[in-house]
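Engineer: Reproduced below are the annotations present in TrEMBL:
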| type | residues | note |
| --- | --- | --- |
| TRANSMEM | A:30-51 | transmembrane segment |
| DOMAIN | A:100-306 | domain 'ABC transmembrane type-1' |
| TRANSMEM | A:104-126 | transmembrane segment |
| TRANSMEM | A:135-156 | transmembrane segment |
| TRANSMEM | A:186-208 | transmembrane segment |
| TRANSMEM | A:229-251 | transmembrane segment |
| TRANSMEM | A:288-306 | transmembrane segment |
Amino acid sequence: MNNITPYVGKGAMAVRLVHRIKAMNWGRMAVILTPTLWLAVFFFIPFLVVFKISLAESAIAVPPYSPLFEWNPEEAYATLKITFGNYLFLFESRFYLDAYLSSIRIAAISTFITLVIAFPIAYLIAKSSRTRRTLLLSLVILPFWTSFLLRVYAWMGLLKKNGVVNEFLMGLGITDHPLIMLQTDFAVYVGIVYTYLPFMILPLYTTLEKMDLALLEAAKDLGAKPYQAFFLVTLPLAIPGIVAGCLLVFIPAVGEFVIPALLGGSDTLMIGRVLWDEFFLNRDWPMASAVATVMLIVLVGPIMFIRSRNKQEDAP
Amino acid sequence: MPTSPQIDPSKLNSPASWRDPEAKPFVQIEQISKKFGAFTAVDSVSLDIYKNELFCLLGGSGSGKSTLLRMLAGFDKPTSGRILIDGVDMSNIEPWKRPVNMMFQSYALFPHLSVEANVAFGLRREGVRSQEVKQRVAEMLDMVQLGHLAKRKPFMLSGGQRQRVALARALIKRPKLLLLDEPLGALDKKLREETQFELINLQDELGITFIVVTHDQEEAMTLATRIGVMNQGQIAQIAEPHQVYECPNSRFVAEFIGNVNMFEGTVMSEDSDSVTVHSPDMDNLIKIDKEHATGCAPTQSVCVAIRPEKMRISRDPMDGNTNTTSGIVTDYAYMGSQSIYKVRLHSGKEVRVTLPNAIRDMGDRLTWDDSVYLSWDSESGVVLTS
């Protein structure tokens, strides 16, 4: 009996294992395939279309660009028509370069301000009691219940010449004439920081919440003053959250269109607005596509760099 | 505190300053209490700890031992009372300024720093020159035999190695007082035993006062110069390990440390060198030497505690009419070095008796359902009044 059982057991187990592997592979495939398909249909194919348009020439036609292939019916051959003129123009013209740089600058500064504001909030939430934590987290997410566009409009009401903020400041006698805040870079920063704050708080909260409080006590025990303990222990351990939060804020902020359009002035140069103008005002689809393609590369580059660095660090 | 005649001072590895009434205590805990809301974690504890002691705070979970340790480190502020270390009042001294270092139960090693950087952390905060930091870290790592792992990150180490890093990190600043919270709790049994002796040797070598918190009575017995048994926020007894075991001062301490047979009874008579107790569980009266029966008077209800290894067991009736009783073996376990018998007395009470297997005699062993007689000496029992 004892001699036979293991064999039966092993056979049955092997069969079960095979089934399991088969079942698992299907399940795994499905899990991996769904996002892959999603990305292919809604990101990769549209990107290829945009890329294709960026290689065409602007034309007064429907659609307003030259076709990629020109079919010659008499001799039965197709001509591939590609131009890099749009890209060349992008790099030759100061205007686009300035727009890119200005977008990156505005996004970087707003990301930094967001980080500075979000860190204490996330820290407070992570260190508060379980019940309070749920309440505070839902307060962070609460603004999402109102449309983003409406909230930006609300800021217009707050920041305009006879808006709430100016009325308040003048009422207190801090200033005797209204401050010009709307249609300045300041308003753009306010808008971006306000809008993207939750995207910074949430990843920061997740990393800070996992941190062992004993580590801070150990640091203090070894002679670190509270601020030293923060910079030597809390901050380095929060780096994954900081990186995630900064990417979540920086990337959409670079391409932001609504906020600079509504809150920014005419001199607020951001690539999102340039893209919009190129597309809808100039109706130069190939140029707009080239701008979009370069923007994507500018944004994906740093992410790839950070990811590859993280991988190197994870490897023991 | 009753002094036991079995003490042999030469067996103790450091001069027993705690037995010298003239000695000045190094750590003075004065009437300290800690309340968390309505819960009292530490309830007006007073305790003196002397230089070079390896003092163990022993107690179950929730007994307040860890809270007391955290107050010594400065992480928790006492609700009332004060702590003096080397004569200095610690009340308003922040954790980072105390001459105290702590080894955490979870070790609390900084996961983003290498072993070397973890150990150097304390020295760097002191502003020690980097050349000296390097040298002292290397020495310390050699002392805990981790020199070859200096560049590793904590997650690449085994449990025992992490424990050593934590110890090295806590010792590098040469604190006057080292606090250890369950220092061996996360190690397996064999490693724990080895490390116990290493800790004792280290403490002896460095001459640092250690306060160890543990729930493991064996650990406390092996490590400590003195043990403070804690129960519900109070100190139940402070004594040297053998005193805590041989002369517990209360039922709680007797039952918490080791196994014990407890008999409830009434004091019958008292003479110049012994006390006689009648217990309904026993066939005969119990006689206890006077020195183990302090603070009791005739007609008083008391408990008599007798350790299992101090009882003799035999098939033949014993001589004398005190300190003997009889019963039936209900359970028997052969443990290699010793055998454990459970004997049911006529009253139905079960008594535990351990017998060292001194002779390799596989013959006429006592076994289940044997009728047996138990006996013990008058110096074996302890009368407990609380």
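Glycine is no exception: its Cβ is also placed from the backbone N, Cα and C atoms.
TrEMBL entries are annotated by machine, without manual review.
Surface or core, plus neighbours and distances: that's what I need for these features.
Structural biologist: If you look at the transmembrane segment (A:135-156), the same-chain residues 6 or more away from its ends with a CB under 8 A from one of its CBs are 121, 124-125, 128, 163, 182, 187, 190-191, 194-195, 197-198, 201-202, 205, 258-259, 262-263.
Among residues of the same chain six or more beyond the transmembrane segment (A:186-208), those with a C-beta under 8 A of the stretch's C-beta atoms are 106-107, 109-111, 113-115, 117-119, 121-123, 125-127, 137, 140-141, 143-144, 148, 151-152, 155, 159, 234, 237-238, 240-242, 244-246, 248-249, 252-253, 256, 259-260, 262-264, 268, 270.
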Engineer: To the transmembrane segment (A:104-126), which of A:30-51, A:229-251, A:288-306 is linked by the most Cβ pairs under 8 Å?
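Structural biologist: By Cβ pairs under 8 Å, A:229-251 leads among A:30-51, A:229-251, A:288-306.
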